[in-house]
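Q: Before I ask anything, let me first share the structure, which is written out below as structure tokens.
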Amino acid sequence: MGHLVNHLSGCFLLRRGIVGNSIPWVTSWPSRNQRKEMKLLEQAGALKGSLSAEEQLSLISGCPNIQEAVEGAMHIQECVPEDLELKKKIFAQLDSIVDDRVILSSSTSCLMPSKLFAGLVHVKQCIVAHPVNPPYYIPLVELVPHPETAPTTVDRTHALMKKIGQCPMRVQKEVAGFVLNRLQYAIISEAWRLVEEGIVSPSDLDLVMSEGLGMRYAFIGPLETMHLNAEGMLSYCDRYSEGMKHVLKTFGPIPEFSRATAEKVNQDMCVKVPDDPEHLAARRQWRDECLMRLAKLKSQVQPQ
């Protein structure tokens, strides 16, 4: 099974049959850097799928137009920039081309399916499949349906994402930010407030996650953490709900993300990672290598 790579431009299409068959792109792909990355993954033993890097790369080609790329597709994954009008234009084109069997999927991280797919004839075949950056190392994919999306569309997308090595989860109904970003923004909001009010330094704030909460959240979520930190969830709520409510009432309004605080945080971040392209790229590479090792560890210890 060949690996499929999501990018921020263009769209890929899976042809009918086994995953890993010919995948046309409405973009020029793969680039020299992407070829290099695939080779490095192969050398590290982290390449997904049963095909070699060269075999996988040989299955991907560029197409001059959408209509040519769509021919024979079973799943279309739109990955253009986060611009509602641009995405709607793409889906309107696809809607006029595809048949009643093709799944039309978007990688959007925050645009509501009801707005993104509004007015499409094939709306029952439309779904958001939001990957997490960097998607090769973080397997989660949020599946968010339009109110009129057919259950079979969700099921087929879920099965496909599992087949290519991702970890799909179902969002039962659309909500701004979906689930991942709502949780992420809640953390960012309180982190910003704690730094802005002088309660903690930016670097120490990050330690709370990287050396504290993040250690266990890499293996179990917040609800299971509650369940294990007492004799089950009911016991946890009996013990700690009043204390949680007391603390939650002290949370302030949504931060304004002021320039002054942003400069303070940036100054602290630049002590560890200067914000020039070279240092940022090196740190991202280090992050990706850590995520690759974590993924290997999770595959070894996580119960089936």
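For all residues, glycine too, the Cβ spot is worked out from N, Cα and C.
Annotations per TrEMBL:
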{"type": "DOMAIN", "residues": "36-174", "note": "domain '3-hydroxyacyl-CoA dehydrogenase NAD binding'"}
{"type": "DOMAIN", "residues": "177-265", "note": "domain '3-hydroxyacyl-CoA dehydrogenase C-terminal'"}
{"type": "SITE", "residues": "HIS130", "note": "site 'Important for catalytic activity'"}
Q: Who sits close to HIS130 (site 'Important for catalytic activity'): which same-chain residues at least 6 apart have their Cβ under 8 Å from its Cβ?
A: SER106, SER107, THR108, SER109, VAL141, GLU142, LEU143, VAL144, PHE178, LEU180
Q: Please average pLDDT over the domain '3-hydroxyacyl-CoA dehydrogenase C-terminal' (177-265) for the predicted structure.
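A: 97, rounded to a whole number.
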Q: Give me the DSSP three-state residue breakdown of the domain '3-hydroxyacyl-CoA dehydrogenase NAD binding' (36-174), ordered helix, strand, coil.
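A: Looking at the domain '3-hydroxyacyl-CoA dehydrogenase NAD binding' (36-174) with DSSP, the answer is 51 helix, 29 strand, 59 coil.
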